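Per TrEMBL, these features apply:
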TRANSMEM  A:21-46  transmembrane segment
TRANSMEM  A:52-78  transmembrane segment
TRANSMEM  A:99-127  transmembrane segment
TRANSMEM  A:133-151  transmembrane segment
TRANSMEM  A:171-193  transmembrane segment
TRANSMEM  A:199-221  transmembrane segment
TRANSMEM  A:233-253  transmembrane segment
TRANSMEM  A:303-324  transmembrane segment
TRANSMEM  A:374-395  transmembrane segment
TRANSMEM  A:401-427  transmembrane segment
TRANSMEM  A:448-475  transmembrane segment
TRANSMEM  A:481-501  transmembrane segment
């Protein structure tokens, strides 16, 4: 069973290279990136051989514990490849212990697993200063690798079992967004506090504790032995006990997964036809109503709707803690929201997945499609940004600053919507499918997504640049600059929006079948 | 509930349709009393890499006919129907719907076609009623018409209890029915249905057949693909057998089956039954 699954995993990895050129480019980039990071880590660990013992201990145990934690958390939120989901093997009637072992071993095969093996081996070099420590480090290599792989399998399978309903995934998405937004300021706070002389002792104390927890025990055991303390053996025992417990949990999870079908959600009902009744019964109005319903109902849009306003709040908190004065900070959130709001439209068609066939088969006019989709963003977003600009200007102590704020933020939203109107019809890239977790990115995303995202971001900033520059000049006084910034933002943004809607509409009409083909490949 | 055999009234229908007269390319078959050609495939070809999925198919479907397209898995049925409905760009050949080239004048041609694709998603975060409304309005209907037709379609397909539920929560058969209703809402002249009976229960299937037969009797044209040979033999007046991207037989159902059942004829055309030899291990069972 085990060799069979390892071969299956290898075959799946090899087949990744038999996809379209863009996806192969993305895969190669990912491998180069992963390989580079691994090489850096290995080099660092070898170099630590010659560093002072407390420093080496802090780096290895602290970094190692973080890595172990990542192996548990990342699969829960990102949903790593589920090719080895135990539920897929339910019908083969394999004895669960054998299956659990085979799945765990096959889980090592892959880029993260391989990187982990190399890094874990490099710690043997770190502790080669002391023969006893090197020996313990060698023993710890398989312990570390298996602990991490088991944690990731448990994370993925556990999430698969508990979060298989739509509601629970949506709840998780909200928790994740809030948690991430709270983590960032906390991190700044902690680094600020530790930045003094107390930093090293602080980290040292944390590492000392981590070394006795399941997260850090396997990394800490050789370090403790190298320091001449026999307590390292006890840490090794903690690490081994962790591994045994994880193995039992994994076996139990496989057993449960084999006989469960996932939870069922209660169906949701809608009275009447909702937004469709409130907006005009024209193609444009209907597409706007559909887009509005999706922003409210589809968790993938909802994550954007939550994170767009939350991101700038976090940014302001972080900068505020770092000591940027408040009256300047007040000017920041509105343009940042505008930047992300405009940018969020750039891959809209891909979110329909193959349902876009309806627009193609009905021969929807491109302009109707473009404007309809943008309606919720513009109709809700623009007035809120204008109100927000006045609030920000009042907080900054000068109502005149509302003019450049409105100019910059409207310029950003309109530019983003216009550019997105063209790019979403010209270069859609795969996104999470309807109904799947918003963090479950398709493994075929490849390099195209990164290229499109960054190019559009830069173009959007470029269009708004005149308004931004004039706005910055207005900060140091000068009503003329303020009004010029307003005009620059509205005119340039408006022109790009008009161009993007017309050109994007034409591209949409011309490329309808190709858009559907792209969705089928995604 | 009988298959409509109304050549004369159909001919009258066809004569009243101006589209064929405007386009000189459309084969004006009305001369010998046959109804107008509603769907005309001329050398339609599609390649995927080195594979020829659809190999220069010629096929004509006349107004008021109920045409079944049958073929083994991977024969090119869905590929062909996708090219007919403007969803997949052909590599060669033409598709004429009422004499309008689907790929030269897509906007005009698409108005006349109702589509039920196979294995494509719906906007399934909409409720059933919302999806019907969306489909109708995208096809250019006004609100009042959509409301009245939605009520009719919901009653006809037996979806009264499901209109408020999200399509994502529908069963496979219900999803098929709502998609079929959405394909009909703009009363197209031509309905192109890919696997309309897949996972639909027998009662609903009979119901759908009746709706389609009345539509055909009124002059509409249905082209559908299916694997249900009995159903096609019973319901369709014309059949085309597609194997390996080519039309191996086409004509009235009786012509194609030539005295045999359609299933026997189809299996013979599709390369015959594979001898079930060499499977003796299947008869000694694993403990």
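Backbone N, Cα and C define each Cβ position, glycine as well.
All TrEMBL annotations are machine predictions without curation.
Tertiary neighbourhood of the transmembrane segment (A:401-427): same-chain residues 331, 334-335, 337-339, 341-350, 366, 370, 374, 377-378, 381-382, 385-386, 388-390, 392-393, 448, 452, 456, 459-461, 463-464, 467-468, 470-471, 474-475, 481-483, 485-490, 492-494, 496-501, 503-505, 507-508, 511, 515, selected by CB-CB distance under 8 Å and a gap of 6+ residues from either end. Same-chain residues lying 6 or more positions outside the transmembrane segment (A:374-395) and placing a CB less than 8 Å from one of its CB atoms are 284, 287-288, 291-292, 295, 326-327, 330-331, 333-334, 337-338, 341-342, 344-345, 401-402, 405-406, 409-410, 413, 417, 421, 501. Nonlocal intrachain contacts for the transmembrane segment (A:481-501), taken as residues 6+ away from its ends with a CB within less than 8 angstroms of a stretch CB, comprise 367, 370-371, 374, 400-401, 403-404, 406-415, 417-422, 463-464, 466-468, 470-471, 473-474. For the transmembrane segment (A:52-78), same-chain residues at least 6 beyond its ends with a Cβ under 8 Å from one of its own Cβ atoms are 44-45, 112, 116, 119, 123, 126, 144, 147-149, 151-156, 158-159, 172, 176, 200, 203-204, 206-207, 210-211, 213-216, 218-220, 223, 226-227, 439-441. Using a cut-off of 8 Å between Cβ atoms, the transmembrane segment (A:448-475) and the transmembrane segment (A:21-46) share at least three residue pairs, counting only pairs 6 or more apart in sequence. Residues 1-2, 4-6, 8-10, 13, 30-31, 34-35, 37-38, 41-42, 45-46, 48-49, 56, 60, 64, 67, 71, 81, 84, 86, 89, 133-134, 136-138, 140-141, 144-146, 148-150, 152-153, 219, 222-223, 225-226, 247, 250-251, 254, 258 of the same chain, all 6+ positions outside the transmembrane segment (A:99-127), place their C-beta atoms under 8 angstroms from a C-beta of that stretch.
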